[in-house]
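Per TrEMBL, the feature compositional bias 'Basic and acidic residues' maps to 11-24. Annotation source TrEMBL lists domain 'Major facilitator superfamily (MFS) profile' at 280-468. Taken from TrEMBL, the feature region 'Disordered' applies to 1-24. Sequence annotations record features per position, and here TrEMBL assigns transmembrane segment to 56-77, 97-119, 126-144, 150-170, 191-210, 222-243, 281-304, 316-335, 347-364, 370-392, 404-429, 435-452.
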Amino acid sequence: MRKGCPPVDRASQKENHSRQKRTDGTMIGKWSVKASSRVYGKGNGMDRRAVRAWVMYDWANSAFATTMMAAVLPIFYSDVAASTLPNEQMATSYWGLTQSIAMLIVALLTPVLGAVADYTGYKVRFLRVFTYLGVLSSFCFIFVGNGDYLLASLLFIFGTIGFSGGNAFYDSLLNDLVEPEKRDYVSSKGYAFGYIGGGLLLVVNLLLIQNPGLFGLPKGLLGTYISFASVAVWWFLFSLPLFRRVKDKKNGTQHSIVQYAAIGFSRLGNTFKRITRYPELLKYLIAYWFFNDGISTIITMATIYGKEIGLGTKDLIAALVITQFVGIPFTILFGKIAERLGSKQSLYISLAVYILIVIFGFFMTETWQFYALAFVVGMVQGGSQAIARSIYSRLVPKDRPAEFFGFLSVSSKFSAIVGPFIFSIVGLMTGSSRYGILALVLFFAVGIGLLAKVDLRKGAAEAEAANG
């Protein structure tokens with residue numbers, strides 16, 4: 001799930017496999033190949049099982065996005081970990097600061113590690129490291145008790161680094177595993193499976209917490225602690241297929257960790273210059289920053305806004321579950337729409353719907369309206385993120401996907417900071433958060449306007465020329 005998150009936060013890819021003649025028995029439409037490989041990048045068509053394993057990873061790590069980032073952990077942090085702080089407002093501030101620190105660290109690390117991954121070819125290895133970091137951090141929340149807000153903040157920072165940092169390498173594998181003409185669909189399928197996986201575990205965890213007697217558990221925090229542990233187990237187990245099926249294509253060059261770091265920082269400095277060589281990619285990055293800022297802010301601020309208009313905790317969580325499961329079919333549907341109408345037109349549709357969502361949210365006063373809004377958000381959230389990821393893939397040079405996806409990840413992380421800040425400032429200036437949410441119309445409108453200036457065919461040709 002980008003998920004919101006950031007859906008995770010999440011991006012996509014495309015390369016020049018289409019130039020190769022299909023003589024290996026590949027049947028793209030049915031995802032079948034006669035010759036397949038556990039090692040990506042051999043250009044002999046899609047390995048069906050490797051693609052399935054890639055999709056399943058979204059199912060795996062979306063458990064962190066739903067249970068830890070969106071639903072259970074924020075409430076646990078306020079009620080338990082930060083219970084010894086003077087007031088609830090301070091707990092909220094500490095939680096916001098924790099998220100900002102985590103996003104800042106990820107934003108700084110991702111492009112560097114992406115450059116190193118491209119240079120060494122160790123995309124799966126880095127993904128494994130970040131995954132295990134997130135898994136371990138999630139499990140360790142069982143040790144957090146009353147007043148342990150510093151420990152909880154530290155664990156959440158490490159968990160977010162594992163989740164978001166891993167997504168940069170996960171996204172970069174799409175280019176290596178999937179043929180260009182199927183990327184819209186596979187990318188959307190990944191998001192859809194993320195919705196399913198994250199949503200299913202969230203429902204189970206909510207039952208554990210609110211109705212522990214159904215599982216023979218006593219009332220109290222035991223259900224919450226089990227839910228944290230379940231995220232770790234779920235994430236670990238369902239990531240194993242990818243680690244088993246997809247192997248790194250090593251470049252044969254071995255360096256020390258210090259040398260890898262030096263290479264990464266050196267390439268980081270040059271990446272800024274490289275991006276300017278691809279005008280369409282640069283324009284798309286700017287457009288993406290605006291509309292993704294709007295999307296991520298809606299995800300981040302929806303709960304706070306709902307509380308302001310009088311919704312209870314159960315209603316907020318129920319609305320989140322609705323968004324999660326509505327997103328499953330509609331994310332796949334957007335992949336199909338993109339195949340018929342084109343990626344750009346599909347993204348226009350989803351962003352236009354977001355403008356309507358913001359306007360409707362401004363006038364919203366009743367609980368049922370919040371539920372309706374949650375349903376509509378579910379219709380476009382996963383699809384818009386998946387299509388945006390797929391478009392980006394077409395504009396990225398084949399030899400530097402992780403490096404360029406690192407910059408996309410950076411923009412997403414900073415968007416997660418800027419959007420809520422604008423939301424809060426407008427709310428303070430006007431005395432109402434309604435005007436804060438209305439201000440998000442600007443992000444979507446500017447994003448659509450800039451997107452209209454992007455020539456995808458020209459951008460793909462620029463990336464193709466770099467590949468050649």
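The backbone N, Cα and C atoms fix where each Cβ goes, and this holds for glycine too.
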### Message
Counting Cβ pairs closer than 8 Å, which of 281-304, 347-364, 370-392, 404-429 has the most of them with the transmembrane segment (191-210)?
### Response
370-392
### Message
Taking only the residues in the domain 'Major facilitator superfamily (MFS) profile' (280-468), give me the average pLDDT of this model.
### Response
84
### Task
Output the single range from 126-144, 222-243, 281-304, 316-335, 435-452 maximising the number of Cβ pairs under 8 Å to the transmembrane segment (97-119).
126-144
### Query
Can you say which of 222-243, 281-304, 316-335 has the most Cβ pairs under 8 Å with the transmembrane segment (435-452)?
281-304
### Task
Select the range from 56-77, 222-243, 281-304, 404-429 that forms the most Cβ-Cβ pairs under 8 Å with the transmembrane segment (316-335).
56-77
### Task
Could you pull out which residues elsewhere in the chain have a CB under 8 Å from any CB of the transmembrane segment (404-429), counting only those six or more residues past its ends?
6, 9, 11, 13, 99-100, 103-104, 106-107, 110-115, 164, 167-168, 171-172, 271, 275, 281, 285, 288-289, 292-294, 296-297, 300-301, 392, 396-397, 435-437, 439-440, 443
### Query
Most CB pairs under 8 Å with the transmembrane segment (56-77): which of 126-144, 222-243, 281-304, 370-392?
222-243
